[in-house]
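Peer 1: Quick one: the structure is below, questions incoming.
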């Protein structure tokens, strides 16, 4: 029996280093190839030894798919392709292809040039890795080989993020990557059609969270920022270069303009220009409002937000700084945090999820004394706020996507075990489907029922709609047609269309039953008696007496003939097509009971 096997190499009951191995009908696909931001040793990369114990990875894997440019989804890609050794195709969207190498190089500089880490990929490896990338458009069906095809759907979350459908024959898996079911200030909501996959693999970062009103969150955020700068404090907002950063920049830019504020707002050097360039380049990936107003006003050209210089961190007076990366695990955001942490006037606002092991996660867990590099202790006196502007789906959004895609089974990744367990039970109760949540290295095997996809001709559907009411969503309805196979594809069409397409002439199959009737009259008179009897009995049917003496009821033909041996007996020949078998049988039984006596 065919089956689908799924093994998380990363993000199994965990957030970070997303990497899922899927085997479907003999094809092997790796979904994402991320890095764990909470580790600085080999644990940061997925354990690729699970893929194959012998032979080259390229011989085993048919392709790699990257859902978006966040490092926990693509950070291990150069390591995997250039150091572990994979030469096959890597699929991602055009924005992901453009932005991914920039973020990889930024992180490499921090890890190697500043921290001096060994066993890390080089700049050349990033370039060589990106040469293997095949960029895809949304809703484009890409044929990886003769049997394997993939298709990308809009995921929201960040610029270029996509959900992917992987299909082999009639079997399919949908992998969501990270997605957001609610539109924000610069991106639209995730969308997928009712594709009914065998398996939906969905992220579950916020498995137990239902977010409050976005407007309330925005109001609280602006209030906290405003109050801090009013009392002379500095606000640090750690963000990743693209995505949430633009969302909050648009929000603050609008507020500063409305309130006519003069307090400086800064953004990590160079990243604003890069972000601006990519949002212009991929404007079709943004939401409808930004696309509409883009010609008159580019929302990403900020008047109040300037490029940050590291010397500004020591300037007196209030300021707001957006700095990367978003989890305070390295880079400029961590440097500024160390400088400002000792002043209670200052505030750090964490707008997104932080994985375990990062400074961001530690301060959100309430730690106020941190051991930094070189065993230095840092006392945190500044105010710490968590405000979820995360571009991940919450529990309500995850349930919405499951309802939209209608999968046969669901598998949860990219979440914390306890929260995943709660969501797993909820999905099983509400949708009556099996839901799994494997740990890293654990394999889930799903048997699948082979099915044959059948297309239905538009003409047949239109005819059905004219003849009857529209089908109800949850009530099955019979559809009559002719099943034809052409070029290895099955289609249900009308019989007329089937004959035309296959070049066949129409033949009619009729059944004839003989009914013996005691009657001494002539054949014409017997036929007239039959007509009168049926006309009075069958009020809802069209009964006709034809000039040649025969009688018809709908398509059923009745003829009276003399008996060859008994002059006092007539033979009624009742003839019908297979479509009217039910009516033909009824008339035969009725006539076998005889005709009413004619008045004398």
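Every residue gets a Cβ built from N, Cα and C, even glycine.
For reference, Swiss-Prot lists these features for the protein:
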- 203: active site (ACT_SITE)
- 68, 70, 157, 178: Zn(2+) 1 binding site (BINDING)
- 72, 73, 178, 414: Zn(2+) 2 binding site (BINDING)
- 381: SUMO cross-link (CROSSLNK)
- 462: SUMO cross-link (CROSSLNK)
- 475: SUMO cross-link (CROSSLNK)
- 68-73: motif 'HXHXDH motif' (MOTIF)
- 469-479: motif 'Nuclear localization signal' (MOTIF)
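Any idea what these are sitting next to in the structure?
Peer 2: All protein chains included, residue 203 (active site) registers 27 other Cβ atoms within 10 Å of its own Cβ.
Taking Cβ-Cβ distances under 8 Å and a sequence gap of 6 or more within the same chain, the neighbours of residue 68 (Zn(2+) 1 binding site) are 74, 93, 96, 155, 157, 158, 160, 161, 162, 177, 178.
Using a 10 Å Cβ-Cβ cutoff, residue 381 (SUMO cross-link) registers 12 neighbours.
Mapped onto three states, the DSSP output places residue 462 (SUMO cross-link) in helix. Taking the Cβ of residue 462 (SUMO cross-link) as reference, no residue of its chain lies under 8 Å away while being at least six apart in sequence.
Looking only at the motif 'HXHXDH motif' (68-73), the predicted model's pLDDT averages out at 94.
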Peer 1: Could you state the CA-to-CA distance between residue 73 (Zn(2+) 2 binding site) and residue 381 (SUMO cross-link) to the nearest Å?
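Peer 2: Each residue's Cα considered, residue 73 (Zn(2+) 2 binding site) and residue 381 (SUMO cross-link) end up 33 Å apart.
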Peer 1: Taking DSSP states H, G and I as helix and E and B as strand, how many residues of the motif 'HXHXDH motif' (68-73) are helix, strand and coil?
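Peer 2: Looking at the motif 'HXHXDH motif' (68-73) with DSSP, the answer is 3 helix, 0 strand, 3 coil.
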Peer 1: Are there residues at least 6 beyond the ends of the motif 'HXHXDH motif' (68-73) whose Cβ is under 8 Å from a Cβ of it, and what are they?
Peer 2: 11, 15-18, 32-37, 93, 95-96, 99-100, 103-104, 107, 155, 157-162, 177-178, 240, 242-243, 355
Peer 1: Are there any residues in the same chain, six or more apart in sequence, whose C-beta is under 8 angstroms from the C-beta of residue 414 (Zn(2+) 2 binding site), and if so which?
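Peer 2: Long-range Cβ contacts: 11, 14, 15, 18, 178, 203, 204, 205.
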Peer 1: In three-state terms from DSSP, label residue 203 (active site) for me.
Peer 2: strand
Peer 1: How long is the line from the C-alpha of residue 381 (SUMO cross-link) to the C-alpha of residue 72 (Zn(2+) 2 binding site), rounded to the nearest angstrom?
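Peer 2: Between the Cα atoms of residue 381 (SUMO cross-link) and residue 72 (Zn(2+) 2 binding site), the distance comes to 30 Å.
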Peer 1: For each of 72, 178, count the other CB atoms within 10 A of its CB; which of these binding-site residues has the top count?
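Peer 2: Comparing the binding-site residues 72, 178, the most crowded Cβ belongs to 178.
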Peer 1: Show, in sequence order, which residues other than 72, 73, 178, 414 on the same chain lie with their Cβ within 8 Å of the centre of the Cβ atoms of the Zn(2+) 2 site.
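Peer 2: Filtered neighbour residues, in order: 11, 15, 16, 18, 32, 34, 67, 68, 70, 177, 203, 205.
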Peer 1: Would you mind listing, in sequence order, the residues at least six apart from residue 70 (Zn(2+) 1 binding site) in the same chain with a Cβ closer than 8 Å to its Cβ?
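Peer 2: Same-chain residues close to residue 70 (Zn(2+) 1 binding site) (Cβ under 8 Å, separated by 6 or more) are 34, 103, 158, 178, 240, 243.
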